[in-house]
Every structure is written in C-alpha cells, then in structure tokens.
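Listed features, source TrEMBL:
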| type | residues | note |
| --- | --- | --- |
| BINDING | 9-16, 22-23, Arg61, 88-91, Lys99, 115-116, 184-185 | substrate binding site |
| ACT_SITE | His10 | active site, tele-phosphohistidine intermediate |
| ACT_SITE | Glu88 | active site, proton donor/acceptor |
| SITE | His183 | site 'Transition state stabilizer' |
Amino acid sequence: MSGQLVLLRHGQSQWNLENRFTGWVDVDLTDTGRAEARAAGRMLAAEGLRFDIAFTSVLQRAIKTLWLALEEMEQPWVDVVRHWRLNERHYGGLQGLDKAETAARHGDEQVHVWRRSYDVPPPEMAADDPGHPHFDPRYAHLDARVLPGTESLALTLDRVLPYWHDAIAPRLKAGETVLVTAHGNSLRALVKYLDGVADDVITGVNIPTGIPLRYRLDGNLNVVESGYLGDAAAAEQAAQAVADQARAK
Ligand SMILES: O=C(O)[C@@H](CO)OP(=O)(O)O
C-alpha cells in the first residue's frame with residue numbers, strides 16, 4: 001500500500017513581499033498570497049486529489065493557505081491538524097531584518113550561510129526578547145526547553161521529524177492522501193529527509209510559494225516519484241527567485 005503526499009509552501013506573506021526574515025513571526029498573507037493559495041487549490045483539484053487529512057503549522061500564513069486551497073478544492077471538510085513542529089525555521093536575531101540590507105551589511109556569503117547552510121544557525125534571539133516564543137501564549141503548554149531562539153536547518157529537521165514519524169507517516173503508511181501546508185525551511189527539512197538530499201546539496205534547494213510538490217511513496221515511504229504540479233519551468237523560476245532574495249543590491 002502506498003500513500004500520496006503533497007507539500008505546499010504558503011502563499012506570499014507580507015514579509016515575503018517586504019523581503020524580511022520571518023521565521024516564527026506570525027505575519028499574514030498578502031492578496032497575492034491568497035491568490036496563490038487558491039491557484040494551488042485549483043492545481044490540486046485538477047489532479048483529482050482528494051485528501052484524507054491535512055497538516056499545518058500554528059502560523060497563520062500556512063493555516064490560511066490551507067483553508068483557501070481546501071475551499072477552492074471544495075474539500076472544506078478535510079480534517080486539519082495544526083502543530084508547532086511544522087512551523088518555519090526560527091530565524092533568531094535575523095527575524096524582522098531586510099534580507100538585502102543584511103547581505104549588504106554582512107556580505108552575501110555570510111547571509112547565504114545563515115539562510116541555506118545545513119548546520120549553521122543564525123545569531124540567537126535573546127531569551128528576554130519580547131519576540132521570543134517563551135512569551136507567546138500559543139506555546140505556553142510546551143516545555144520551555146523545546147522552544148528555539150534560533151535554528152539551523154539541521155535543528156529544524158530535528159524538531160520536524162518526531163512529528164513526521166508520530167503523526168504524518170502512519171497516515172501515509174495506511175495508504176491515505178496527505179497534504180502538508182507549511183514553510184520554506186520546514187519543508188526543505190522534509191524534502192531533505194524524504195529525498196535523502198546530502199548536506200551540501202540542500203544548500204541549493206529552494207521551495208517556491210504556493211506551488212504543490214507531490215510525492216508518490218511506496219509502503220516503506222520511499223519516494224517512487226516526485227515533482228511540482230503545473231509548469232515545471234515556472235516552478236524552477238520561482239525557486240530561483242527565492243534563492244536570489246538575499247543578494248545585496
Ligand atoms: O524568512 C523566512 O522565514 C524564510 C522563508 O520566507 O526565508 P528564507 O527563504 O530567507 O529562508
């Protein structure tokens with residue numbers, strides 16, 4: 001038995017538009033982002049996909065993208081499970097900063113290391129920073145020791161994987177069709193794991209907003225095939241645009 005998995009990055013957010021490091025900051029979608037989410041729903045509907053369950057983070061840009069896609073698919077009844085482990089990678093002290101300005105200040109190379117290296121985290125957010133997840137009521141039920149003040153992709157994968165194994169993988173093993181609507185880097189972590197991407201190769205992987213990435217998996221959840229829905233060249237171009245966001249002007 002094999003399941004189908006679709007990974008969907010949220011549509012354009014306000015801080016994607018403003019080119020600011022976002023991480024765990026809970027910014028909303030823009031009108032363009034809402035349109036991207038609906039377009040993703042139409043692509044999924046055109047493939048005849050019917051989801052058994054959908055997973056998302058506790059950040060509104062992913063939650064609303066999921067709602068809009070399911071509405072467009074006329075599948076608003078699908079069970080939705082939100083979990084903090086699917087949140088974006090925590091961007092530490094870079095959250096809120098302009099990406100190109102940060103590159104102008106620290107150099108393109110340093111910012112590329114912070115954005116895309118596998119195991120180098122950005123500078124840590126101070127524990128008494130009012131923006132730290134410790135002060136956010138949505139995480140109040142959690143052991144404070146699991147709440148990050150910064151994360152590399154490796155640390156992001158470490159906190160996504162337990163949720164993958166406990167909640168998502170069993171549904172796929174049961175042959176269900178599963179939608180995960182999340183974020184650029186929490187999805188890069190999953191892609192690294194599913195495709196077995198090497199540490200030095202994942203640095204070149206970028207996930208575009210609002211374009212569904214479909215996986216067909218075998219009974220052991222090995223990848224049989226995967227690819228973006230719609231126009232492959234458009235997906236490639238959109239991924240390149242993400243890569244280029246932090247070049248100093
Ligand atoms: O700011 C962020 O949280 C992420 C995703 O938008 O950005 P980047 O692509 O630079 O990792």
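Cβ atoms here come from the backbone N, Cα and C positions, even for glycine.
The structure displayed is predicted, hence computed values, not measured ones.
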Near Arg89 (substrate binding site), which residues of its own chain have a C-beta under 8 A away, given they sit six or more steps off in sequence? Gly23, Glu151, Ser152, Leu153, Leu155, Thr156, His183, Asn185, Ser186, Ala189
How many other Cβ atoms are found within 10 Å of the Cβ atom of His10 (active site, tele-phosphohistidine intermediate), counting all protein chains shown? 31
Determine, from DSSP, whether the residue listed as 'active site, proton donor/acceptor' sits in helix, strand or coil. coil
How many whole Å apart are the CA atoms of Lys99 (substrate binding site) and Glu88 (active site, proton donor/acceptor)? 16
State the count of C-beta atoms found within 10 angstroms of the C-beta of Gln12 (substrate binding site), not counting that atom itself. 21
On a count of neighbouring CB atoms within 10 A, which of the recorded positions Arg9, Lys99, His183 is highest? Arg9
Taking every protein chain in this structure into account, which of the binding-site residues Gly23, Gly184 has the most other Cβ atoms within 10 Å of its Cβ? Gly23
